[in-house]
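Reading through the structure tokens given below for one structure.
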Amino acid sequence: MDYYRKHAAVILATLSVFLHILHSFPDGEFTTQDCPECKLKKNKYFSKLGVPIYQCMGCCFSRAYPTPARSKKTMLVPKNITSEATCCVAKAFIRVTLMGNIRLENHTQCYCSTCYHHKI
């Protein structure tokens, strides 16, 4: 009888440790983000006006890393973390005029490039 209690205790302890480790990770740590690659996508709002309008949408490269000490010395406000990012932007486009006065850029080709507009 003591033999079975020892095995049950070991199994419960192992299960407890496993559950503790599982719950210590933030939600979504093991899942990939649901973000499509950078490509052309039809704009539903402006395409209703008769001409199909496309825009570049999707995800590109982004990362953060510790700022090298050499770079920190040249900064006006030293930062511990440096980040790099690229955004999905139009490589080529055609200017289109809708309804006589609405001017749009109809994207024809997309690629990942330097982000110019981060936050407004």
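Each Cβ is built from the backbone N, Cα and C atoms, and glycine gets one as well.
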Disulphide pairing with Cys112 per Swiss-Prot - partner from Cys59, Cys60, Cys87, Cys115: Cys60
Recorded disulfide partner - Cys38, candidates Cys88, Cys115, source Swiss-Prot: Cys88
Member of Cys35, Cys87 annotated by Swiss-Prot as disulfide partner of Cys59: Cys35
Sparsest Cβ surroundings (other CB atoms within 10 Å) among the glycosylation sites Asn80, Asn106: Asn80
For Cys88 (disulfide bond), the number of other Cβ atoms found within 10 Å of its own Cβ: 22
